[in-house]
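What follows is a short report on a single structure.
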Amino acid sequence: MAITRWFFSTNHKDIGTLYLVFGAWAGMVGTALSLLIRAELSQPGSLLGDDQIYNVIVTAHAFVMIFFMVMPILIGGFGNWLVPLMIGAPDMAFPRMNNMSFWLLPPSFLLLLASSGVEAGAGTGWTVYPPLAGNLAHAGASVDLTIFSLHLAGVSSILGAINFITTTINMKPPAISQYQTPLFVWSVLVTAVLLLLSLPVLAAGITMLLTDRNLNTTFFDPAGGGDPILYQHLFWFFGHPEVYILILPGFGIISHVVAYYSGKKEPFGYMGMVWAMMAIGLLGFIVWAHHMFTVGMDVDTRAYFTSATMIIAIPTGVKVFSWLATLHGGSIKWETPMLWALGFIFLFTVGGLTGIVLSNSSLDIVLHDTYYVVAHFHYVLSMGAVFAIMAAFVHWFPLLTGYTLHSAWTKIHFGVMFIGVNLTFFPQHFLGLAGMPRRYSDYPDAYALWNTVSSIGSLISLVAVIMFLFILWEAFAAKREVLSVELTMTNVEWLHGCPPPYHTYEEPAFVQIQSN
């Protein structure tokens with residue numbers, strides 16, 4: 001266990017473990033920030049005393065959860081661990097670049113924390129819109145540090161994306177076509193393509209913001225012929241694909257978990273699932289301005305972005321109904337990963353429906369920047385991405401560690417978490433419809449009831465997080481070893497035992513294609 005093993009590792013399993021530990025730690029930081037938000041909003045009146053500090057917390061909560069929790073766990077953690085095992089590759093295509101992708105994240109996190117510690121912090125929201133993010137409204141180094149943090153996280157993700165694209169296309173056995181790789185591998189491939197195409201645009205946007213702030217350029221300043229709306233277009237051209245980047249690996253995970261615990265050899269409609277993911281990836285790039293319905297776009301532009309956004313519901317529906325068809329007629333095993341997966345399907349669908357509501361530009365004019373939007377994206381993230389992470393973790397934990405989690409405790413944990421997140425976010429739909437705006441630390445008394453309910457829900461979720469830590473400790477303390485694994489011929493990641501040896505597939509895998 002020399003320190004060099006972890007600092008200089010080129011092993012996909014070790015780097016995957018580093019990502020998972022880092023993501024879990026960041027997840028606790030992000031959860032702490034969210035509890036500060038809910039504490040402030042638990043009753044009318046001021047707790048933190050200052051709107052600036054409140055908005056710094058909101059901004060940090062978003063960045064930590066997106067760039068340091070969901071992406072490192074889903075793409076870096078499970079992607080690194082499972083993709084090489086699932087395609088029979090000895091490691092990633094570029095093992096040292098893989099190491100660099102991980103080690104860019106801690107410095108990036110450090111810069112984000114530093115941005116909160118200098119001056120007044122970056123209270124811009126995660127969108128970092130100018131002129132609020134300009135050098136008048138946010139004098140000092142805070143926003144600059146945030147921009148540098150995003151640059152590092154972006155470089156990390158771009159390198160990781162190159163690595164995953166090369167690995168999934170190039171490292172599988174020659175006899176295997178791309179259409180014979182598991183759906184999780186496909187989901188990571190599509191995610192990587194989205195990252196590769198969208199992140200450079202974000203980098204351009206925040207670099208121009210950096211020069212506007214420090215070098216007197218006027219890209220986003222009307223005084224010099226610039227336009228703040230340009231920044232919004234650049235940001236959301238990245239920002240919308242980003243939300244699909246966050247959920248697509250989750251889609252892949254849910255496909256695996258649902259098929260496994262339905263006793264099926266494969267998910268229903270494999271090709272439909274693959275094409276649906278590719279369609280979602282493509283459509284995700286041509287709908288960005290639905291985040292900007294309130295900036296004064298032409299009616300025909302609004303009509304296009306409304307329609308295009310609604311089209312995304314079709315491939316998404318293909319996936320949801322394919323999961324239901326996979327369940328159909330199966331021998332259902334009611335184990336904890338299946339509970340998380342079923343919770344995912346139900347709650348992600350609810351979040352998708354509120355998304356369809358918001359895609360209507362006329363309705364969005366009213367609902368934009370209210371808690372209805374917050375409720376919508378937390379249903380697809382806090383109950384989509386996070387439920388997928390939990391499903392993956394309890395399903396693959398025996399593979400990663402060789403130990404099994406306590407089945408009763410994990411089920412109780414699921415129940416507590418399910419109640420907590422729903423109690424937190426369902427009332428926010430009511431607040432949004434009643435007109436409560438986002439990003440304010442105080443509110444009129446009329447909104448008190450549902451805010452209090454929401455804050456109680458956040459405390460229940462906190463209990464669930466603490467329970468999860470206990471469950472983790474219990475598993476490592478009890479050391480129940482894995483006895484046998486079912487369905488290994490269609491779930492090849494399990495073939496090497498639990499946990500697999502440090503090096504797998506050191507010789508090229510022999511693949512025999514069975515012709516019908």
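Note: Cβ is positioned from N, Cα and C throughout, glycine not excepted.
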Given that Swiss-Prot annotates Glu40, Gly45 as binding Na(+), state which candidate in Ser407, Ser441, Ser454 belongs to that site as well.
Ser441
Do the topological domains in Swiss-Prot put Arg5 and Tyr403 on a single side of the membrane?
yes
Record says His290, His291 bind Cu cation. Source is Swiss-Prot. Which of His240, His256, His328 does it list for that same site?
His240
Restricting to the same chain and to residues at least six past its boundaries, which positions have a Cβ under 8 Å from a Cβ of the transmembrane segment (183-212)?
75, 78-79, 82-83, 86-87, 128, 130, 133-135, 143-144, 147, 150-151, 154, 157-158, 160-162, 164-165, 168-169, 218-221, 226, 231, 234-235, 237-239, 241-242, 244-245, 248-253, 255-256, 267, 270, 273-274, 277-278, 280-281, 284-285
Suppose I define contact as three or more CB-CB distances under 8 A, residues 6 or more apart in sequence; do the transmembrane segment (371-400) and the transmembrane segment (270-286) meet it?
no
What same-chain residues, at least 6 away in sequence, bring their CB to under 8 Å of the CB of His240 (Cu cation binding site)?
Gly284, Phe285, Val287, Trp288, His290, His291
Taking only the residues in the topological domain 'Mitochondrial matrix' (479-516), give me the average pLDDT of this model.
88
Relative to the Cβ position of His291 (Cu cation binding site), how many further Cβ atoms are located within 10 Å?
22
